[in-house]
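Here's the structure, in structure tokens; my notes come after.
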Amino acid sequence: MPVYVAREAPKLWRKICSELSVEIALLSENWKHLLAGIVFQYIHGVAAHGVHYLHLPGPTLQDIGFLLVPELGQERAYASESLFAVIFCSFFLWTFHPFVFQNKRIYTVLIWCRVLAYLVACQILRILTFYSTQLPGPNYHCRKGSRHATLAPPDSALEVLLLNFPRGILYGCGDLIFSSHMIFCLAFIRTYHKYGVSRIIKLFAWLLAVAQSLLIIACRKHYTVDIIVAWYTVNLVAFFIDSKLPELPDRSSASLSSSLLPSSAKEKDGKNKEERFSLLNGIILST
């Protein structure tokens, strides 16, 4: 076994280096899209923090989900965040699986360009929605009597731009319709459903999305309407974006018919150059 591992290590390293060269070529052509998507995550955070200054605590609205789903209580409010962390980390690691595993259907850079496009479009709609109407937050720290429910006017613009970290991140209120956590979960799961290979994992992922929805309601993080709106908005936005953008290239036919690694350095370089040539002359230009 030690001898086998020692022999496979150089192959894995060559594979990572080969994959990295391809992804760098893609990154050089798409870095502006990635950077814009990442910067907008901060803009979305500032907008969500800003609406907290407008939040007025009040009686929790009547909600059918609150009647049907038992309340977990404040001491178990971490349950929804824990599941969200599992979904987020699992998807993040999956997008980098081409660097290690053979059954690669995706390019990491192109996948994240597509996912960030989903997120940005949904977050723009979300910002417009929660600034249009502020509802009394159902979360425990947003209710009457909580010192986190309202925010005094900021002393400076820097306080808003820095999100009043970390309190502004942990105790946000007012950004309800629709759920940001469900935007991420549904965008990730929908992407894996389209580009993943395991049917069992796809089914399990959708079950996790349902569980995440129920846990958010059980933890009283959002009203049921926030979850329902997220479900159809994310899927409609993703469907629209997919119809407008070129389809991502499928690498499965080429990768499955080849060995894990080229048998020689010369063959490795030839395949690497061939893949980069096809990317730079076809795939990237179409995106």
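Just so it is clear, glycine is given a Cβ too, placed from its N, Cα and C backbone atoms.
Unlike curated records, TrEMBL annotations are generated automatically.
Among the features that TrEMBL reports, compositional bias 'Low complexity' is placed at 252-264. Residues or ranges marked as domain 'Sphingomyelin synthase-like' by TrEMBL: 172-240. Here TrEMBL flags 252-273 as region 'Disordered'. Residues or ranges marked as transmembrane segment by TrEMBL: 77-97, 109-131, 168-188, 200-217, 223-241.
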Distal contacts, the transmembrane segment (77-97) - CB-CB under 8 A, six or more residues away:
104, 106, 108, 111-112, 140, 181, 184-185, 188-189, 191-192, 196, 205, 208-209, 211-212, 215-216, 218-221
Kindly report the helix/strand/coil residue split of the domain 'Sphingomyelin synthase-like' (172-240) according to DSSP, in that order.
53 helix, 0 strand, 16 coil
